[in-house]
Amino acid sequence: MNLRIAMAIALGGAFGAVARFYISGLLPVYRDFPVGTLMVNSIASLILGYLYGLLFWGFDVPPDWRAFFGTGFCGALSTFSTFSYETFSLLREREYLIATLNILANVIITIALVFAGFMLARR
């Protein structure tokens, strides 16, 4: 890895972390459901799917931009650890239905958005 790629990842990560902070802060919890975490994971999945689609469909995306958006921005924007912690907290509070919905929503929605982003890049 060269310095340019490392700096692209660091800069993308900084923007992604700040975006996660603000988005999660705007939509923290709705009736015990962690909407903010679902939203940041969804946005990151859509962007990552779009980036992957661009590469798959033959668009030339420079390596530093792939690093900035893919590893940096999307990596810092999405948050598997917070998703896991919030799900564990819901289970600990015996909110079994909400915990199950949280798991299903995060997995199904984010995979669907990766696919949607992938298909959007085809245009």
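Each Cβ is built from the backbone N, Cα and C atoms, and glycine gets one as well.
The annotation transmembrane segment is assigned in Swiss-Prot to 7-27, 39-59, 68-88, 101-121. Residues or ranges marked as Na(+) binding site in Swiss-Prot (evidence: sequence analysis): Gly75, Ser78.
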*Hey, of the binding-site residues listed (Gly75, Ser78), which one tops the CB count within 10 A?*
Ser78
*Between the transmembrane segment (68-88) and the stretches 7-27, 39-59, 101-121, work out which stretch tops the count of Cβ pairs under 8 Å.*
7-27
